[in-house]
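Engineer: Straight from TrEMBL, here's the annotation block:
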| type | residues | note |
| --- | --- | --- |
| DOMAIN | 15-443 | domain 'Major facilitator superfamily (MFS) profile' |
| TRANSMEM | 16-39 | transmembrane segment |
| TRANSMEM | 59-81 | transmembrane segment |
| TRANSMEM | 88-108 | transmembrane segment |
| TRANSMEM | 114-135 | transmembrane segment |
| TRANSMEM | 147-165 | transmembrane segment |
| TRANSMEM | 171-192 | transmembrane segment |
| TRANSMEM | 254-275 | transmembrane segment |
| TRANSMEM | 290-310 | transmembrane segment |
| TRANSMEM | 317-339 | transmembrane segment |
| TRANSMEM | 351-376 | transmembrane segment |
| TRANSMEM | 388-408 | transmembrane segment |
| TRANSMEM | 420-439 | transmembrane segment |
């Protein structure tokens with residue numbers, strides 16, 4: 001009989017949750033980075049000091065240059081995670097976060113803003129790679145989905161925190177507050193263990209057993225779990241070579257990971273978030289900044305719901321429901337813009353259609369396509385390619401995020417607003433089909449079993 005079922009109480013071990021909580025301060029910091037531009041840009045375009053004032057073009061760079069830093073961070077993170085381990089990479093992330101915000105606080109000219117944003121972006125990219133890997137490698141398979149979804153949950157809590165802070169603080173104080181979570185991250189992570197899978201891949205068996213004992217509690221069958229991970233590690237050989245790409249156990253999950261990231265960004269989430277305030281203004285919402293806090297709140301609530309049901313409902317079902325909701329709402333959005341272009345003066349009832357579409361879209365995104373691509377990315381790769389493959393996925397995600405946010409305005413001019421949203425809708429329909437055909441269900445399986453399904457054999 002499989003000992004893990006006898007030890008289902010081991011899932012209730014507190015220290016595993018502690019380690020998760022420490023590591024998700026990283027995604028929270030990066031939520032603050034993403035959310036920071038929303039309250040800061042309006043202030044910085046109107047600021048007294050002419051050296052710091054942003055024009056429209058500079059403002060769009062202030063918003064989007066973070067994604068350039070993050071794409072770089074993904075590459076660096078992939079290398080760090082293999083060389084110096086999951087834990088140390090995470091602690092080092094705090095440095096560019098804090099120094100980036102410090103440069104923004106001390107800014108004397110616009111270029112200092114850019115440097116600060118690139119540094120905080122770099123840290124965000126590293127974090128978005130390291131944390132999902134760290135969590136999936138240390139979590140027990142029965143709660144891996146829930147813990148892994150905490151990554152996206154903390155990102156949206158961070159965004160929400162930046163929006164809320166922006167209501168009460170000016171941009172300098174907000175930047176000071178944004179550097180608190182990364183500082184805490186560095187402090188708390190120093191007390192947490194490295195992941196057992198990384199330690200075993202480095203041949204440090206004794207430390208791996210200790211790490212498992214910390215994460216699973218004193219009575220858990222750690223020796224048995226350790227042996228199970230080792231078996232899978234030995235089967236693979238140690239280092240990644242390019243010839244490994246011929247192995248279906250490597251290229252299948254890699255293609256799936258990349259496609260999930262492309263579809264996540266091409267669903268138009270960033271465009272919608274970016275444009276929320278303008279859309280609310282068109283809908284004659286008096287306090288558009290309050291409205292974006294409401295948007296943030298919807299995201300937090302439903303990402304929380306997704307985290308709770310992730311290990312019950314499964315990844316695949318949630319992706320499909322999510323994709324359908326997003327397809328319907330982006331289509332409705334397109335119709336709204338189309339009708340707006342026909343009518344001489346905007347109509348009050350139509351505004352509610354726009355608001356309803358935003359609400360449905362964000363709910364849908366938060367339930368599936370928000371958290372799941374990051375979760376699945378951390379689950380489907382074999383240990384030896386995990387760093388490299390995750391780096392490729394993170395790079396893809398952020399590059400496309402950059403292209404979409406930077407060129408969204410031009411797309412709107414070229415394809416009209418309606419056309420742009422219908423393009424997003426067709427992407428959402430494609431992602432539903434892709435999910436049904438290609439994405440495997442990973443809930444409740446160990447990482448080693450998931451790996452075995454791609455190789456086409458039944459695993460340990």
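From the backbone N, Cα and C atoms, a Cβ is placed for every residue, glycine too.
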Engineer: What parts of the chain pack near the transmembrane segment (317-339), using Cβ distances under 8 Å and only residues at least 6 beyond its ends?
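Structural biologist: 267-268, 306, 309-310, 347, 350, 353-354, 356-358, 360-361, 363-365, 367-370, 372, 416-422, 424-425, 428-429, 431-432, 435-436, 439.
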Engineer: Using Cβ distances below 8 Å and needing 3 or more such pairs, separated by at least 6 in sequence, tell me whether the transmembrane segment (16-39) contacts the transmembrane segment (147-165).
Structural biologist: yes
Engineer: Taking all residues of the domain 'Major facilitator superfamily (MFS) profile' (15-443) together, what is their mean pLDDT?
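Structural biologist: Averaging the confidence scores along the domain 'Major facilitator superfamily (MFS) profile' (15-443) gives 89.
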